[in-house]
Amino acid sequence: MRQDSEAAEPGARGQTPLPAAPLLELDSIVKRFPMTVANDGVSLSIRPGEIHALLGENGAGKSTLVKIIYGVLHPDAGEIRWNGERVSILNPAAARALGIGMVFQHFSVFEALTVAENVALGLNDPQQRKGLRDRIAKISEDYGLKLDPDATVLHLSVGERQRVEIVRCLLQNPKLLIMDEPTSVLTPQEIERLFATLRRLASEGCAILYISHKLEEIRSLCERATILRQGKVVAECDPRQETAKHLAELMIGTALRPPYHLQEESAETAPARLVVDRLSVKSDRAFGVDLDGISFSVAAGEVLGIAGIAGNGQNELMAALSGETAADRAETIVIDGKPAGTLGPAERRERGACFVPEERHGHGAVKDMTLSENALLSAYRTKGLAPGGLINMGSTIRFAAEIIKGFAVRSDGPAAEARSLSGGNLQRFIVGREILQQPGILVVAQPTWGLDAGAAAAIRQALLDLADKGAAVVVISQDLDELIEMADQIAVIANGRLSPPRPVAEVTIEELGLLMGGVAAPLPQERRNAVPA
Amino acid sequence: MPFRLEARGQNSVLWSWLSPVIAILATLIVSTALFAAMGKPAGDALYTFVVAPASSLNGLAELGVKAAPLVLIGVGLAIGFRANVWNIGAEGQLILGAIVGGGIGLAAGDREGFWILPAMILGGAVGGALWAAIPALLKTHFNASEILTSLMLNYVAQLLLIYLVVGPWKDPEGYGFPQTRLFGDAATMPILISGTRVHLGVLAALIAVALGWLLHAKTLLGFQLRVLGQAPRAAAYAGFSGAGLTWFALLLGGALAGLAGIFEAAGPIGQLTPSISPGYGFTAIIVAFLGRLNPVGVLLGGIVLALSYLGGEQAQIALGLPKAITGIYQGVLLFFLLAADLLVGYRIRLVKRVPAGGAA
C-alpha cells in the first residue's frame, strides 16, 4: 500500500548529479476539508541543497500542503519522512525543531510589537534572545533585507512585514526554508539579491521550497518543480527546461491569452480625466511617509502605472486619491475638470471615481459580511441601492449576482460570506464591483498581489478593457512586470515623491530599479536607521 | 488531548442561537447545584427561577415590567456594540434620564396637562443622550476609550442623584428619607393593563425592538454601523463617517437608557430615590450579548434576565437566600454564554491518534 516515492520517479535519481538522500519526503498526503479535498494523494521529495518550486493556481492545494509540512495542519492520510524517518509534525514549534522555517504569504506578525519582539516570539529557546537586535541587524544587512529592529510592526508596510518573516526564519539556520510568494514586494535588484541569498543558502545545504506565481523567477531559480492542480500533482519537471507559457498552461489546464490593450493613437489629444497637482500630505502615523509634491495626469483610455517598493508612500497616495485622507486644497486633485481634493470617498465616487485598495480583507471588503452586503459597501450611491436610507435588498442582491456572473467569481452566490472566497475570487469580486459602477477613473493598488497567473491575467484584462472604454486607470503596484505589461505611462514613487511619468516603451528595467531604490531620494529605511536607537 | 478545536471558516448561524440556550441550561444546572449546596431541595432552583415567575398573570406582568428597561437599554447597546462602540455607561445614562425627566415631573407638581408626560419622556431621552455625549465627545476628539469614560460617569451620575434626593429635591414632608415627593397623577406613567403594573414603558420597549430591528437590518445607517464595527478601514474606504457613527451609537444608547430611567422613575417607583435601578444598565450588557446583538434577540434576552430578577426576589422571600443570588445567576449566565460562544466560530473535533511512529 505504501508507495516508495523514490521508485515512483525513476528519472529523478538519474538526472540529479548528487543522489543525496531526500531531506523531506511526502508520500500520498491527503487532506480533506468540508466541501473539498485540498490534497489528494500528493507526493513530493526534496533533497538537501535543492531549490524546489511548488506551482499551482489558487485553491490547487499549495498552501494546504506547506501548512502540513510546517505542522499547522495535519494530514488525514499519507506520511511525512524527514531524513528517511517517519515523523508527525504536531505544530510549527515541532517543525522549527526539525529545522523547517517558513515565510507565510499572509504574515503572522503582531502589529503592536516591534520587529525584534516579533522575532523573539518565534524562538523556542529564551537563551537565543541574547543579542537578538544585533543579530537581526546583521542578518538583514547580509541578506539585503533592511529592517529597524525597534520599529513597531503596525507602522510597517506589507513589504517590510515580509522582511520580518524572512529574517525570523534565517535566524534559526533552517535546513528547509519554505517561501510562499516572497518576491512580490521587492525591486528587481532586491530580487536578484534575495536569489543570491537563496542560492547561497542552498549551496550551504539548505533546501528551499519556493512557491510563486512568477514563472520567470521559478525558471531562473529552481531546479525542480512540482505542479499541483485541484489537489493533485499534475507534473514534475525541471523548470529550466520548460517555457513559462508551458508551465502556466500545465498549472491552469488551459491556454493563456496575452492581455489586450488598444494602443490609443489619440492619447495625447484625449481629455485628462484625473489631474493631481502638487499633492502633499503629512502622514499622521509615526512611521508613515509624507507625500511630497506629487503631480501626474491621466487621460481617457490611458493606464498610468506607479511602481515602487512597499512603504514608500503607496498607502498614503491611495488614501489621498480615494479621499480617505482629504487634501488641504480642492485643486490638488481634479476629477473631470472639477476640483475634488477636499471631497470624501463617497462624493468622489459620485463624480465617477472608483477605487480598489491593496488589502482585500477589512479594507476593500468586510470578510464577515455577505457578498451582497459587500456589493453595497462602495456602490450604494452610484447604483442607488439604498434609496431614502432604506436598503433595497432585491437590487443589492441582483447587483452582487451581476458581479459574480460578469467576473466569474467562484462562490456560493450573493449570500456567501466574503471570507469564504479565495484571495483571487474576492479580488475579482472587488474589481468587478468597482468596474460595474462604470467609473471614469479607477485607482487600483496591488491588483494581483498573491494571485495566481490565471486570476491575475483576468483582472489585468478587465482593467485594460475599462481603459479601452475611455476610463483613466491608475495602477499602483510593486510588480514591475505587471506594470510594464499594462501601463502606457509609468512613474516611480520613492520616499513619498513621484518621478515624472514616462511612456513605458522609453524606460528600461534598470532605470526603474534605480528610481525604486531611491537614487533620487534616500530610502525611508535609511533615514529611519539614522535615528539613534 | 483527544479533543481539538477546529475553526469553522464561517460563523455558524445555528450555533450563534444555540449558544444562549446552552448557557441558560448550564446556568440552571449550576444554580441547582448551588441551591443543593445551601441545603435547599434541588428542584427549588428550577421552580423559583423559571416556573414561579411565569405561573400567574401577575407574574407575567411583573416579568414585562422588569424586562422593559432591560430591553430598552439592550436594544441601544446592541446597536452600539455592533459598531464597536462599547457604551458601559447605560446605568448612568438611565439615572440622568430619570433626573431630567423626573425634574420636569417634580416641577410640574400637581398641575394637570397632557403635555407633562410627553415632556418628561422627552426629557428622559435628552438627559440620557447628553450624559452619553460626554464619552462621545472624548472619544471623537481625544480618542479616549469610551469604555472607561462611560463606566466612570456611572458613579458621577449615581452621586448626583444622591445629592439631589438628600439635598435640593428632598421631599420636605418625607420624614428625612432620601427621596423626592411622589409625582402627580399627570406625571405618572399610565397603566396599560389594569390590576397589574404594566405601564407605558413596556409598550415603548416593544416599539424600540421593532424600530431597532428596522434600523439594524434594513437601513443604510444600520449597515454603516455594522461595517464600522467589523472593519473600520472598510468604513473609511466606503466614505462612512466614523466619528458621526460613534456619536450616533452613543446618543442612541444614551437616549434609550434615559427613557428606561424615566419610565422606571415615573412608573413603578413614582418618585426619585437613590436606587431607581437594580443595575439594569449593567445587566442590559448581558441582555445584549444573550440576544446576539440583535434587537429581536434582545427581547428574548431581556425576558430571561428579567426572570433572574424575579427569581432572585422569590429566592429571598420564599427560601431566605441572600440578595447576591441574582448577581451570581447573572454572572454564571454571562460566563457560560461567553464560553459557549466559542462554538460559533469553532467546532470540537475528536483527534485520531497517529498510528505508530509518534512525534519527532
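Cβ atoms are placed via backbone N, Cα and C, with glycine included.
Record features (TrEMBL):
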type	residues	note
TRANSMEM	B:12-39	transmembrane segment
TRANSMEM	B:59-81	transmembrane segment
TRANSMEM	B:88-108	transmembrane segment
TRANSMEM	B:114-138	transmembrane segment
TRANSMEM	B:150-169	transmembrane segment
TRANSMEM	B:189-215	transmembrane segment
TRANSMEM	B:236-263	transmembrane segment
TRANSMEM	B:269-289	transmembrane segment
TRANSMEM	B:296-312	transmembrane segment
TRANSMEM	B:324-344	transmembrane segment
Best-contacting stretch, by C-beta pairs under 8 Å, relative to the transmembrane segment (B:59-81) and drawn from B:12-39, B:114-138, B:150-169, B:269-289, B:296-312: B:296-312
So if I exclude everything within five residues of the ends of the transmembrane segment (B:324-344), which remaining residues of that chain have a CB under 8 angstroms from its CBs? That is, six or more out. 5, 11-12, 15-16, 18-20, 22-24, 26-27, 30-31, 34, 49, 278, 283, 286, 289-290, 304-305, 308-309, 311-313, 315-316
Which residues of the chain, 6 or more past the ends of the transmembrane segment (B:150-169), have a CB below 8 A from one of its CBs? 86-89, 91-93, 95-96, 98-99, 103, 106, 131-132, 134-135, 178-180, 250, 272-274, 276, 281
Best-contacting stretch, by C-beta pairs under 8 Å, relative to the transmembrane segment (B:114-138) and drawn from B:12-39, B:236-263, B:269-289: B:236-263
Here the stretch out of B:12-39, B:269-289, B:296-312 with the most C-beta pairs under 8 Å to the transmembrane segment (B:236-263) is B:269-289
